[in-house]
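J.: The structure that follows is given in the form of structure tokens.
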Amino acid sequence: MPNEGIPHSSQTQEQDCLQSQPVSNNEEMAIKQESGGDGEVEEYLSFRSVGDGLSTSAVGCASAAPRRGPALLHIDRHQIQAVEPSAQALELQGLGVDVYDQDVLEQGVLQQVDNAIHEASRASQLVDVEKEYRSVLDDLTSCTTSLRQINKIIEQLSPQAATSRDINRKLDSVKRQKYNKEQQLKKITAKQKHLQAILGGAEVKIELDHASLEEDAEPGPSSLGSMLMPVQETAWEELIRTGQMTPFGTQIPQKQEKKPRKIMLNEASGFEKYLADQAKLSFERKKQGCNKRAARKAPAPVTPPAPVQNKNKPNKKARVLSKKEERLKKHIKKLQKRALQFQGKVGLPKARRPWESDMRPEAEGDSEGEESEYFPTEEEEEEEDDEVEGAEADLSGDGTDYELKPLPKGGKRQKKVPVQEIDDDFFPSSGEEAEAASVGEGGGGGRKVGRYRDDGDEDYYKQRLSPKMPRTLSLHEITDLLETDDSIEASAIVIQPPENATAPVSDEESGDEEGGTINNLPGSLLHTAAYLIQDGSDAESDSDDPSYAPKDDSPDEVPSTFTVQQPPPSRRRKMTKILCKWKKADLTVQPVAGRVTAPPNDFFTVMRTPTEILELFLDDEVIELIVKYSNLYACSKGVHLGLTSSEFKCFLGIIFLSGYVSVPRRRMFWEQRTDVHNVLVSAAMRRDRFETIFSNLHVADNANLDPVDKFSKLRPLISKLNERCMKFVPNETYFSFDEFMVPYFGRHGCKQFIRGKPIRFGYKFWCGATCLGYICWFQPYQGKNPNTKHEEYGVGASLVLQFSEALTEAHPGQYHFVFNNFFTSIALLDKLSSMGHQATGTVRKDHIDRVPLESDVALKKKERGTFDYRIDGKGNIVCRWNDNSVVTVASSGAGIHPLCLVSRYSQKLKKKIQVQQPNMIKVYNQFMGGVDRADENIDKYRASIRGKKWYSSPLLFCFELVLQNAWQLHKTYDEKPVDFLEFRRRVVCHYLETHGHPPEPGQKGRPQKRNIDSRYDGINHVIVKQGKQTRCAECHKNTTFRCEKCDVALHVKCSVEYHTE
């Protein structure tokens, strides 16, 4: 660099070395200008113009370190406005250098730096977009190729889809893949257009031309899976895959596979034809055997008959059979013998022999000369030879049609095999038995043989078994027959496996309800052949049949060597079936009258307080029972409890108070801190006394518990409360019956889990209540009910009957009960009707399977408000109504009319519409929710104090229940009733204020600590003078000052340290 542009003075050189920046080091100059320099930068920076247009520094400092590497950015000084020559200093005008204003120069340099950064980021972004665009093109090519392959596969599979179910499923799968590929192609195309808008230009067109050339190429192997189309492979690859050649070209010798001959008697595919063919074949072979034996026994030698030529192998001599072939031949003879023996019993199910389970149907293409999978042993062959010879003796020698005859029962080595029927529970009726006499009369010691009317009579035997013969109908046809004809009594339906039993079954079912009903079976099973097994063994069915004419077997016809053998009784429990004739008609019945006698309202003639109403249930007898057994239990543990009735009422008041004033820990009721301290509780009972009573609370004697009753610890209290709840039942006609959950999270055998309930874990109680929520009767659920009364009606129905009997015993009359589908059945309605009551309830589908109502699927397709109904001869009506879903209701006290209109919102019309509703649905909705209302009232202010023992939750529930019942009576008979919370508060205040015992005055305990947050807040901590000296909270010396806010003694000098954290 020339040195004429540098000032000659040493001072100027030093300043230029400190302040000026060369053009080649523009990055450092920009950083220093942004940071503001060191405060000594002058106003002007001079550059000298060079002929090549590059600006050089006016300063050259020898001590400056050169920059390593090429420059990242060159500043174009021509883009920066220079200072006018007239405004330059006189010393600079004669030097011929460019002079710039410092602010202008800084702005110009920063602007060029920003532009360079923006261009660099733009270039980097274009590179990324270009890479993404290439990836999109690859995806587009792959997706297009897959679509072409899928279209070809669809063209190949479409002609075969109508004939094959498997190919139809594959075709559906391919179409779903095509739809997914089309959606993917749309997304890729949209992304391609977006990237084209960013890139634009010729490069995109070049790529598109390249992609269009690739579309004309032949597609490669399919990658859609083996279910779509096999991959094209060469002959070499096929040999390697099948194991005929190694990958190195070596041929592998293959063993000839001999397919075993499969023999099976297929009863469902032409069994009679099979018997005829086998009989003919057996006749021909046994005829040849007879001729051979006759030739061997002849005295003179005879010419042996010519060997029988095989049709499959003509012009060949008969070869000597091997040992295995002889065994196979004897085995076939055995099959033929069995076929001849059982030809008279065509259609009867027979027991499968052990070796028949391994047999499979003969495959197509199997020759007769191939070996079978089963070969009998030598012992079996020897035993069967005698039987075959005896059968061959009866064969005629001519070529006439062969007549089947019974095999002779004699024989030296005849094996006796007991015949076992398929239906073990089938026994002939007593009317079919004939008279018999003992065997060996006078000789003694003879055996006894049973003799029945059908022995030896083939026609009558078939007539007796005809109800059990399978019918060649489909399962769907059999179910339609049972629904339309009520006279058919079926004991079982036997379903054969479908043809595609191993194929995957679709999840789509014909019904949408849970359970094993006919509406839940798939279509493949509905079209399967099935057998209808009817109750043909019943003696009544024989006598009722007019075409039945029993044969008169007199005692003279029975040989004297026979005696009667009684069949054993059947183990199968016969259910009593009620056959009803249903018709479409409405129920016309008058509602029940309700209670006969009026309730004793003497107590409610005067206004009663909440406590007095509660003590109708928790009277002196109940409280004395609790006090007695609690003291007894404490005494057995060596603790002197000394509980009294007054003290228990105070304890019960604290329990009720915890329902609407809950704290995380029950001990917090007795704390002295002002945020949780409860004056009413702490003044009524000491904390430790409450804990002692709660841990020893009992209502039964542990030494005399019923081992069968799982709730025997609570049974005395439950029984007494049931008596009092039933005594004060309001005068109602309609009562609901439902279940009630008590929360419990411990371990117990009776704990239940009910999904979808507000309380999922806990004990379940069966409750009968009025429509407003007064619980009349309750029992805990403990699995198997120890009370076996009415158990023939089921668990739910027996509980309803027990409740109705208890209600009728306490208040004679006729009532209307409402319950849900767990309890409802036609048998329960009949039983309640016989007791003079009426009932209404939703019913499950399997409880009314014989009622010919319109199906749920058909009703759902119709408009809302459509219903179908039927009535039987006993006054029970069943109605199926379509609302949001299809609901089925059965009733013996409410019919269809009068119809009412209810408001429903229509999603289709986007407005509320009027829907007609049968009267029995209205009755159910109006009177069903009594137990749920009681559950809501109790759960709203449930006691928050819990115990660790399993019986603490149901015990406290009993107290909550009677408190809720007392409030229901208060609402019924009081002219100015209060809500449940106010009623509860009045009971609590009365018990704690009347029966509470305030603690005796004694030594004052340690004062509670002040809140730490208010100690260090620095607000209103004023030091004031106090009357007497106390210990300073900081230095623990005596002082007459204290902090008014913290209420602690403090010196003035200690105040700052105490209030500083």
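From the backbone N, Cα and C atoms, a Cβ is placed for every residue, glycine too.
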J.: Per Swiss-Prot, which of 287-323, 990-1026 is region 'Disordered'?
T.: 287-323
J.: Which candidate in Ser20, Ser430, Ser560 appears in Swiss-Prot with the annotation phosphoserine?
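T.: So the answer, going by Swiss-Prot, is Ser430.
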J.: Report which of Ser222, Ser429, Ser537 appears in Swiss-Prot with the annotation phosphoserine.
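T.: Per Swiss-Prot, the residue annotated as phosphoserine is Ser429.
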J.: Of the residues Ser466, Ser554, which is given the phosphoserine tag by Swiss-Prot?
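T.: With Swiss-Prot as the source, phosphoserine is noted for Ser554.
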J.: Between the candidate ranges 494-521, 830-857, 858-885, where does Swiss-Prot place the region 'Disordered' annotation?
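T.: From Swiss-Prot, the annotated region 'Disordered' range turns out to be 494-521.
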J.: Quick one: pull the CA-CA distance for Lys255 (SUMO2 cross-link) versus Ser158 (phosphoserine), whole Å only.
T.: 39
J.: Going along the chain, which residues six or more apart from Ser158 (phosphoserine) have their CB under 8 A from its CB?
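T.: When sequence neighbours closer than 6 are ignored, Ser158 (phosphoserine) has Leu171 within Cβ distance under 8 Å.
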